[in-house]
Amino acid sequence: MTASIIDGKVIAADLRARVAFEVARVKRDHGLTPGLAVVLVGSDPASEVYVRSKHKQTQAAGMASFEHVLPADVAQPDLLALVARLNADPAVHGILVQLPLPKGLDTETIVAAIDPAKDVDGLHPHNAGRLAGGLPALSPCTPLGCIILTKSVHSSLEGMDAIVIGRSNLVGRPLVQLLLNENATVTIAHSRSRNLPELCRRADLVYAAVGKAEMVRGDWLKPGATVIDVGITRRPAADGKTRLIGDVAFDEAMEVAGAVTPVPGGVGQMTVACLLVNTLRAACAIKGLPAPGV
């Protein structure tokens, strides 16, 4: 068996196009231009690249993009004051503070200061609590992207056995809640789980999100399983550059699984696309409009 590759580039491009269509519609029908504000603290190169990508894709979708770059030594009260101004700005419907923050800044305090209605990262305790309760909420972008990728293979996840390897607040825990909302049967595993390979072999859906390169081997997988690889590890290559490696041994998985996301070109492509989805949804909710068709 050779698995099919779940092409995150193609699926993300389609999602961005649908977002752009809906943005044009709400502009035309309601005079609403969704706006996303991104706050970058410091000059981490990886974060700078990610923020530039967000800015470019936000504008391409027809949304307003607002960038705020602060020095790494910014005082926490000053950062909180910026968040308060963005909360009050009617042109801003989504606020994202790029993580991780430099030392000396309390991430929980900053995230909790964001208006939950504008929390397009889905990390505010209000949104996390609603998601855990099975209520409508802005969901973290990477887990949301994982669900969309999975549903490109399976129209319904109802009754399927899923395993999520990783229990972070950013990916693992919210992904479990989204899978439960799809009526999947979910096991959450982590670094202290016993018999992890055996647990994986039972699963129709495998989500690897631990950040340990090639941890999930081919013989861990149930034949025909769908494998969503969230992990990213940078490994030195022979040419002196670095290459990205996922949490799944890709070549081995391709011989056993039914469908696999590559790294790069899989989940990462979906994260910014889902950020646009959340911004559009937030804008419509804030303005009291019906939920958009994405």
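Cβ coordinates are placed from backbone N, Cα and C, and glycine is handled just like the others.
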Given Swiss-Prot lists Gly166, Arg167, Ser168, Ile232 for NADP(+), the same-site residue among Ser65, Ser139, Ser191: Ser191
Most Cβ neighbours inside 10 Å, all chains, among the binding-site residues Gly166, Arg167, Ser168, Ser191, Ile232: Gly166
Largest separation between Cα atoms (Å) of residues that the record links to NADP(+), namely Gly166, Arg167, Ser168, Ser191, Ile232: 17
